[in-house]
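Record features (TrEMBL):
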| type | residues | note |
| --- | --- | --- |
| TRANSMEM | A:12-32 | transmembrane segment |
| TRANSMEM | A:38-58 | transmembrane segment |
| TRANSMEM | A:65-85 | transmembrane segment |
| TRANSMEM | A:91-107 | transmembrane segment |
| TRANSMEM | A:153-174 | transmembrane segment |
| TRANSMEM | A:202-222 | transmembrane segment |
| TRANSMEM | A:243-269 | transmembrane segment |
| TRANSMEM | A:289-306 | transmembrane segment |
Amino acid sequence: MDIIWNSLRELITPTTAAYALAAIGLNVHFGFTGLLNFGQAGFVAIGAYGFAISVMTFGFSTPLAIAVTLVLAAGYALLLGVPTLRLRADYLAIVTIAAAEIIRFALNSSAFAKWTGGANGLYNEYSGWLKGSNPYPSGVVTVGPWTFGSNDLWIATVDWLVVLLTAGAIYLLVRSPWGRVLKGIREDEHAMLSLGKNVNLYKLQALVIGGVIGAAAGILYVQPTSVQPFDFATRMTFNMYTMLILGGAATVFGPILGSMIFWVVMRFTDELVNLGVDGGLFDNVTQGSQLRFVLVGVALVLLVVFRPQGILGNRTELSFDAK
Amino acid sequence: MTPSKAIRWLLAVLALACVLALPSPAAAAPADEWGFRGLLRDGEKQPVSGAAVQVKDGDTVVGSDTTDDKGRWEIIPVPGPGTYTLTIDTTAASGHFAGDEYEVDKELVESPTTLPVLNVVVSTTESSQQVASFTDRLAQRAVSGFNLGLLIAIAAIGLSLVFGTSRFTNFAHGESVTFGGLTGFVLAHVLGLPLLLAAAVATVLGGFFGYAQDVAFWRPLRRRGVSLITLMIASIGISMAIRSLMQFSFGSASRGMTEESWGTVTLGPVVMPATSYAGMGISIVVLAGVGLWLKHGRIGKATRAIAGNTALAATSGVAVDKITRIVWVLAGALAALSGVLLGVFNQVSFDMGFNLLLLMFAGVILGGLGTSFGTLAGSIVVGLCTEILVLWIPADMKYVGGLAVLVIVLLVRPQGIFGRRERIG
């Protein structure tokens, strides 16, 4: 029973919220506009490192650090988008994954360790602003069947607030004329061109907006923990694809639902692996957890082939499924 | 040995993680003793023997060892978790050393996910300022880069052929390379087969691996008539699943492909292991063979016909399904060969193929997506850039050079060197 409650706790943890937010950003790219961004982890990394370095190295105030980080992410999106958006879908996919890896290699490198901490990452000396404003009683707080550290719960609260506000903004955006143009581009780029829309400009705007949301997710992602370069590997992006397609691409709540289910299942299998370690089935937790990512890969294949609309999606609204 | 050669040897002295036990869930029960274990190698990835390694806690020496003829050393036990200083003194070492001493701090951390014996990676950056002349280092790097470029090319031609016949970018192609590397490791290192035999067997098995992928995934998906984007996302899922499975069975460490040593060959300022030249020879023969086959062979011509216009090829009597299957087998075999050679050139690890995949993309796009000759040329340029840029950028950012080429090409000439404009829009 403990296993189930522990797993369900993931429904509201900060990590789930941060992933949900990054997946919302990816949804703007992939779900609404049809852009195949295989490097969302790069945007998240820019968010995490941009914020941490702004605060720790340059001593910026929190609002300034957030602003600088989001502007950086927007600049990165422009850098990627301008050369590649006029090319076919594969090119954007390849360039985004390559650029995300360039970022990760650079952050991991000893060359910039003065700022990035190299392979060791950065200790958390940047989330004082959040912890300082914590209204919950210090110590352990009980929420329903779960207990949280006071700071964790406050971070989770702020994170989910950001997720809900962003989801609301996306809801309004995709119903606006602007959002309808995006969907039009996804369905038939040439039709939108012939209507006199500047397709590349709209795509670029979508790339910037989704990327900035991804960077915001990066800021949230590192608040409860330290910054670790390995977290921003390509696996992060494809976890997001799995949650996005699971929940339902091109829906407002799909990424949030997807993230919740994903992390509950991951936690559940993690608990099973722990049992397996206790039972002598695996050497250690790391080894057992590799098997979970085999499952994620298989799940992604099965989802995209057999249920591309996910749980909430509408199959007729998904152009990526069309021949 | 001349001083300049000696210096090149010291471009980097690496102590690399080397877990020699066969990976199996039951084999490596964690011991309770804390300690360090490592492999000391020079810039050309040759073992350095006879170097003195010490572990110090502050100023107190808690253990010392001398590297053996494979460059291995082991200092177990040490008192427990904590931060230790590792010193490596190469005064008495074999080879071309000027008696350099290296020092690095390492921390043993107590946590449920780490083993008490730490496999160590030490890299020194200060030695490159020593005497080797710039042109000598450039020559060394250029030969390495050419070698790497050939390896990229072998794998990338498979990727390019699959793209031509199956119409999608296969993100799981890197796992076929890793498959070759790991199979080669099992054959050469674990079973002790001679290197060439291991390479040949791994290549054949790689062909089966490619065939199996086509039968298990891609043919059913083609039959369902799924879209390009679905295929690409599915290939990502497959790549993740296979890579995690390989990490599960092989572990996260990098290991040497074989203990077999062919010695080194010195050509002017360039010192390379003989295996590298053999690898280059094999690569060139294979690439020439594939090129001739594509140009003149019946099936090769059919492959190009499908890539040019599938519907027209089909109506002209080309058995599209059969050719596609052959291409998958060939792509798997080439990728596996590339994996074995890469394992000899570098090391074997579960993500070697995935890292190479990004360089393959760079090569393919630089040459022009869907052109075989362009793929070859592009791959060699990417290999050269990757290795030569290490003269200016730190070695741990090595791949950044190759990937930067990719981004620059797309900015300046997105159709690549030999590509045609209509392929990209």
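The backbone N, Cα and C atoms fix where each Cβ goes, and this holds for glycine too.
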Look at every Cβ pair spanning the transmembrane segment (A:202-222) and the transmembrane segment (A:289-306), keep those 6 or more apart in sequence, and say whether at least 3 of them are under 8 Å. no
Let me check one thing: do the transmembrane segment (A:38-58) and the transmembrane segment (A:243-269) come into contact, meaning three or more Cβ pairs under 8 Å with sequence separation of at least 6? no
Six or more residues beyond either end and a Cβ under 8 Å away: which residues meet both conditions relative to the transmembrane segment (A:289-306)? 235, 238-239, 241-242, 245-246, 266, 269-270, 273
Within the same chain, the residues 6 or more beyond the ends of the transmembrane segment (A:153-174) and with Cβ under 8 Å of it are 12-14, 17-18, 20-21, 24, 27-28, 32, 127, 130-131, 133-136, 141, 143, 180, 182-183, 209, 213, 216, 220, 223-224, 252-253, 256
Report, as numbers and ranges, which residues of the same chain sit near the transmembrane segment (A:243-269): CB under 8 Å and 6 or more residues beyond its ends. 3-4, 6-11, 13, 15-17, 19-20, 23-24, 26-27, 30-32, 163, 167, 170-171, 174, 183, 186, 292, 295-296, 299-300, 303-304, 308-314, 317-318, 320
